[in-house]
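Data first, discussion second: the structure below is written as structure tokens.
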Amino acid sequence: MPGTVQSIERAAAILRMLAGGTGRLGLGEIARSLDLAKGTTHGILRTLQGVGFVEQDRVSGRYQLGAALLHLGTSYLDINELRSRSINWADPLAARSGEAVRIGTVLEGRVLVVHHVFRPDDTFQTLDIGTLLPLHATALGKVLLAYRSAGPVGELERFTRRTVVSPRELAAALDEVRAAGWAAEIEELTPGQAAIAAPIRGYGGLVVGAIGVSGLVERICDTRYRPHPRLVGYVRDAARAVSRDLGAARH
Amino acid sequence: MTERYVIAIDQGTTSTRCIVFDRRGQLVSLAQQEHKQYFPRPGWVEHDAAEIWRNVERLAPQALSRAGITTDQVAAVGIANQRETTVLWDRRTGAPVGRAVVWQDTRTDTLVSTLLAAPGAEQVQHRSGLPLATYFSGPRLTWILDHTPGLRERAERGEVLFGTMETWLIWNLTGGLHVTDVTNASRTMLLDVRTLRWSAEACDFFGVPMAMLPEVRPSVGVFGTATAAFPGVRIGAALGDQQAALFGQTCFTPGEAKCTYGTGSFLLLNTGTELVRSTHGLLSTVAYQIAGEPAQYALEGSIAITGSLVQWFRDQLELITSAPEIETLARTVSDNGGCYIVPAFSGLYAPHWRSEARGVIVGLTSYITKGHLARAVLEATAWQTREVVDAMNADSGLALTTLKVDGGMTADNLLMQFIADVLDVPVVRPLASETVSLGAAYAAGLAVGHWPGLGDLRRNWHRAAQWMPAMDPGGRDREYDNWRRAVERTFDWIKPA
């Protein structure tokens, strides 16, 4: 049996301390109580903050438990449940948009396709449920990254000359996604292909997945190379309908 | 020009729904209301017909307002209903006589075994195209008449009327029209399935006064104009729910089949204007009849327990918390580990029709985990489909080339793939999941000329998903053999008292 991981044990101890304490705790207090070096303690706290388990008060600089930890037990959504609950909304989205629909969640740093509706033109198409796609080069993935359903990506692989490969550019793109409430991908994974996606929210508004349409760039985008507002509207409506069914609060 | 719409009333076993469809067959709005299930004794299931009608009255304005339309924009209304459920009411007051006896109700089991031994039983089964079973409304009607003092006399005088759910709804919608459609009538055992008229011999056999029976009409054709719920709107169609799903899947050509996966599963194969007599345990039933045209027939394979096995796994064994999780659990293992579940909970329907059979789990070893059980649950639905398809191929002399599917279980990807694997044909899901309602809407719209012909409806059908068979033939044969041996172990469990 492999040995235990010391830093995880220490992180657990910190979380227990924060959970048991009466309010916020400072870095020094935590380090002293656990008999750890301040540098080590700070590293662990920063990591816990990154995944949302710990929050730092802006004014005092003291630490407390994060909101993500409170949602830990309730935000989990079975992927087959997600498909089952969204199937009635994914079908009309395909019918209205005339494009293929996919729903994705995060699996090990990639987008896992959990549902796929064919483009309704009766041409031969293959179901790609279970396929893994890159987060940074797909509309579904950008939505999942923007709402922190996925952790930060490592190296940004280039697929086309339009793929966003600089971390700074990606961060800016994700800011735009959050501001707009939807994401686009235009020839960033495959030349000639484009996609639009919007977040699916579960209990408490937590983003549990993304739904979107994809197809030929000349059908998805207008003459200015921007996604058709009509399609964006359909995708966002479908995302909201699924979220409502999943019990998300109004956003 | 104002857009016009068609409305479907889907009167199901657990709920009633009103759905508005646009000209392209797209769902515009939906209003739904559950009704109470009465279980007065083990094996008894009843509904309050008055409550169901009140629900229709309440849902009608909801569906219209959610779509933002008024009745003058509605071209027609169509009805799809739970089949075989039996309603009696007073002709003068319109009040139901007792509660409706639901298709799942097995109170007639002793009556059915008595009737099976009675002279003429063979003839009645041949004439109706159905095996004598508790499933159908004829024996149910006999039971009610036998158990309510004075009722048969009142029925003979025409004071008490019989109907299945569509008859009850049309009576109330029109304020007193007493009619049924050929598909619903073909599930009573009282209809001569060839002539499409009530059979005097069958009525005599079941002790049913013909005065209480509704007039039999084609499924697609104007029944009348509604005066309640949708005042002024023509009622363009009525079909049993499974026949409506066949229509919604646009299976208009002989050889086309669909299977609806719900609580139970129902595979219907269009056999055209020819009535095919099954020698392999299937039902001969009417698929639909368009007014002025000959009836189209279907062979039906009815499977009692499919989705309800998943519900049992969730509610009784508590191994999962929601039905879709069965797939997650099943995917924790790569095969069934040698375990098979045959859900003969209330006997087996098609193609076996063994009422004395009871469920089994076989192949248990200490190796078996709940993951294997979950797989066995899903595989049971696929193998039951395979048995019905084999029976259909044998009866029709045609080999099924594609299976069109619909219903809630089509969201289960592992199951759909496994069905394609064991049938060795592609399994296709259409873009409209609400095929029952869609079929009723199509039929009603067709009757009033909202859609010009069947070809226009067919063009609305689009493939949303397709699963291709990918199982090696040797493995498939071995597994099927195991399944059949498991089925044999369910037989003769209940001993005659």
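Quick reminder: no glycine exception, Cβ is built from N, Cα and C everywhere.
Matching B:Gly175, B:Gly176, B:Gly408 to the ATP binding residues that TrEMBL gives (B:Thr13, B:Thr14, B:Ser15, B:Thr263, B:Gly307, B:Gln311) identifies B:Gly408. Residues B:Arg83, B:Glu84, B:Asp241, B:Gln242 are recorded by TrEMBL as glycerol binders, and the candidate that the same record lists for that site, out of B:Tyr38, B:Tyr135, B:Tyr261, B:Tyr288, is B:Tyr135. Sequence-distant contacts of B:Glu84 (sn-glycerol 3-phosphate binding site), defined by Cβ-Cβ distance under 8 angstroms and a gap of at least six in the same chain, are B:Trp103, B:Tyr135, B:Phe136, B:Ser137, B:Arg140, B:Thr164, B:Arg187, B:Thr188. Neighbours of the glycerol site: apart from B:Arg83, B:Glu84, B:Tyr135, B:Asp241, B:Gln242, residues of the same chain with C-beta atoms within 8 angstroms of the site's C-beta centroid are B:Gln82, B:Trp103, B:Arg187, B:Gly240, B:Phe266, B:Ser302.
All protein chains considered, the CB of B:Asp241 (sn-glycerol 3-phosphate binding site) has 28 other CB atoms within 10 Å. In this view, B:Gly408 (ADP binding site) is surrounded by 18 other Cβ atoms within 10 Å of its Cβ, with every protein chain counted. Looking at the domain 'Carbohydrate kinase FGGY N-terminal' (B:5-248) alone, the prediction's average pLDDT is 93. Same-chain neighbours of the ATP site beyond B:Thr13, B:Thr14, B:Ser15, B:Thr263, B:Gly307, B:Gln311, B:Gly408, judged by a C-beta within 8 angstroms of the site's C-beta center, are, in sequence order, B:Gly12, B:Gly262, B:Ser308.
Rounded to a whole number, the C-alpha distance linking B:Gln311 (ATP binding site) with B:Arg17 (ADP binding site) is 22 angstrom.
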